């Protein structure tokens, strides 16, 4: 059997792209001490809003822009709930996800009641003839711009240090004159914008259309990847690639005659199980950010 | 981190916050309802009052509330001890799958055997689905939130895989399972009604949870462990063990809910069997203040809204998703305003207290 | 040369208590001023005011002759005042350099190499080696303290307040710290040094100011002072119980109450008798308990026996292992080695429930952490004994009600059984805990800071209950920082320093001065007594 390695690698990069965006967004949130379970809904909103704009305007870049705005708004909502009000982060996140998904489905139903699949103007692959390099623009941005820049920002800028400090020891951050609440809001909004971009990749690049349940748990995968990557940029990217690879592999297996008897869905479930297994193996004894899940009030 | 919505320092403040949240929800959802071209007041009337005006409507509300009773209880039981099981969705599906096994492979069993067997099988399925996260949490301190969440899509994929594979409908070829044997039908409560005995089972479980939480040593220990793990440990309560066991009970409750849904409503396994009941369970449990009685009330309320949403989609051309928007907005508004109420009090109190304890050392 | 900083007429009251009573204090450039006083004398209040963490009711603060208005630590830092407390505010997961860059760097790019150079310079200035790239969490306590000092230097600090800097240090680190202080004062910096360890004060200080009950009672050059003289000044020349200082009504009331509570009831004969019967086996037998810490052990082979019908006190400056000892005895922290026996039964490996069954009673200093705040008084009273009130699978409400009603009457708990326990006053909450512990008739009771934060009436009540328990034949171990309390209540007192028991005295035959000296770690000539 000749294994189409290059095709699988190309698919790996494509599949990993939305995860890199969203997981790095979640990483920023969690570095600041906030578990954002709104991620699934935020990705969904990014996918839908981006798609909607692209359909209306015929311009995928505008779609990307509105997805970012949707992400910022979702982040601000999480900020209001968890930073200002100190609501339990699990409940706030699940509530945000439920609300965003319902709102998108509602609007979708309202606008496209007839059920005809709308095709949106979408991004074209760059370098179409170049095998593995035939990727969407957002893939290049994710790996060549976002990840290195974020790595640098977290490491070498005052903003990165502040994020680290408010997520680890807000009392010490406060003592050093860092505005804890404002920094956490910034983290939530920036991170959520990245999640929304990740979601919009599904509609604006990958599919060119919107379907219900399009995110299908990718947000939860990202939350797991952040733990798996221990809140560090490159390990999280590596985790996304691992997921992308297993997913690409199952796609390949699905069209391989030898596996034609195996239901497709069981193959699709495989990467999820790989992530859980990876968590079970490498997720023990992880050190969570010191102020994880904890609202901060100045004494 | 306190998830409990308990009465605060002054008794009227919490009800006032809830009332304020209801008003806020109505105001916030009026916009999209208008956008959809409907009259908000008419819509709210459809959502809340209309379903309750006819016996058939009440039946539908009870039917819609039934799965929420199970998932709401499941989430409440886990959250109560500080185990954040957000996997009721997957456990519900696992229960539905497990109940389907005897339904398909032992079709000839009489109801007296078939129903208990399928129900037990469903509960066991949910328990098994909840076991891995609980085990990983206990043994390796792996955050249960992530693992329970991740298993939700896996459960859905398992359902879809089974329906596209071995359990594909043998007559139609559609991805639905064959109908179960005749003995596997949960009887309805009354002739002509669709409400089945599953609702009664749910009610009974509400009573059981209420009794355990209120009248047994175990209940007090569970509450202590969830509210103040440190103090509970000081008093000799084995917090981790309680969390582990509650996680399993939680999974079994959600699984039983899935079994009841297939046995009482669908009589076959379908891919859309859950309809997000597990996630809604988080809403039910939280709004119900993690109490059995609260879960019952909120299940009925959300059942009412769900039936009303169906109703409104036909009468007012208002998409059914509006129901989910209302319930999730209500959740966020309630937790936000309850927190805001605490916030205002907390804002001054600890400041004074912290200062004075720090300085009393010296005073 | 004018003073670097000057406090004039600083007064601060909390309710009826005067924490600082028109205090005047001056620090000269290049001077180490030791600020001394017992727990509660007003030192922390004063330093918090000087660092802007707390505002004085009246009085003024001058730096270089100019009056400064303090609204927060930022003002203090701007005025060149730095403070290093026992609780460090460092981010453990960051490197030393990153921690130091936190304050004052904007959002943009940080200049790591420049900051690194600055760290090395500052380290050189205080004469220590600091690895700028080391992660703070991996550093020893002494190293972290140096990082805190360097942090203060980053803000061009000229007056450095060191709040009990040596309490957490091993002797080698203390030597390094003193060397750093000497270098800084040679540069013209002023240092306020707070410590309980008098031999250290004698070694490092240029001047000694002593606070007692919120007032400066002595301000003398350190030259030629010996620890015993300082100790005498700290506790006052006479016993304050019998000779309360004039002028403060609150003092008088408190002193009289203390006299009735602890002084007058001490049965003269009963004191020495239990100690005489050493051959009798103890009801609480602590046998070479060790608890490892990062670096030096938190508890170092602590051995102690409490006999039936005896109250034994543990004295010591806070942070010398008392909290850890209580935690190990209560079953919250497993000991690294050693054994604990209650009435002959080994409870070292037992969980909390089994310890309680073996006859251990517990009363910890963290009252709010010992109850479930959201549950009611009744529920908290029975939480540890739920199985006793069980009928089949259910709790017997009737038996609980009777039991709780009995306890509430016997222990005079002023609340309704259904009241949430968080609404109770400290005294009432302590009564609940006392009731819960004593209702089980423990053979040995561990009571940590049993009266901290309580009013006089409640204190008296706690004492009477502990005495009554002793009369009924139980052994009581009292851990307290209040020497009057220990002297009035206990038969025997042991002294803990740095996780070790360094001395033992009979309460009847000792004095505050002797205990004070033992607590400062000066064992010579004092401990051999029993």
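Cβ coordinates are placed from backbone N, Cα and C, and glycine is handled just like the others.
Note on the transmembrane segment (A:32-54): residues 18, 22, 25-26, 60, 62-71, 74-75, 77-78, 82-83, 89-90, 92-94, 96-101, 103-104, 107-108, 111, 118, 120-122, 163, 166-168, 170, 183-184, 187-188, 191-192, 195-200, 202-204, 209-210, 214-215, 217-220, 222-223, 289-294, 296 of its chain, located 6 or more positions outside it, place their CB under 8 angstroms from a CB of the stretch. Marked as transmembrane segment by TrEMBL: A:32-54 (among others).
Only residues 6 or more beyond the boundaries of the transmembrane segment (A:61-85), in the same chain, are considered here, and those with a CB under 8 A from a CB of the stretch are 25, 34, 36, 38, 41-42, 45-47, 49-54, 92-93, 95-96, 100, 120-121, 138, 181, 184-185, 188-197, 199-200, 203-204, 295. Taken from TrEMBL, the feature transmembrane segment covers A:61-85 (among others).
Residues or ranges marked as transmembrane segment in TrEMBL: A:91-112 (among others).
Look at TrEMBL and you will find A:133-154 (among others) tagged as transmembrane segment.
Away from its own ends, the transmembrane segment (A:185-207) comes close to residues 14, 17-29, 31-32, 34, 36, 38-39, 42-51, 54, 60, 63-64, 67-68, 70-72, 74-76, 78-79, 82-83, 120, 122-123, 136-139, 146, 159, 163, 166-167, 214-215, 218-219, 222 of its chain (Cβ-Cβ under 8 Å, at least six residues beyond either end). TrEMBL lists A:185-207 (among others) with the feature transmembrane segment.
The annotation transmembrane segment is assigned in TrEMBL to A:219-246 (among others). Residues 8, 11-17, 19-20, 22-27, 30-31, 35, 37, 39-44, 97, 143, 147, 150-151, 154, 195, 198, 270-272, 274-276, 278-279, 282-283, 286-287, 289 of the same chain, all 6+ positions outside the transmembrane segment (A:219-246), place their C-beta atoms under 8 angstroms from a C-beta of that stretch.
Taken from TrEMBL, the feature transmembrane segment applies to A:266-283 (among others).
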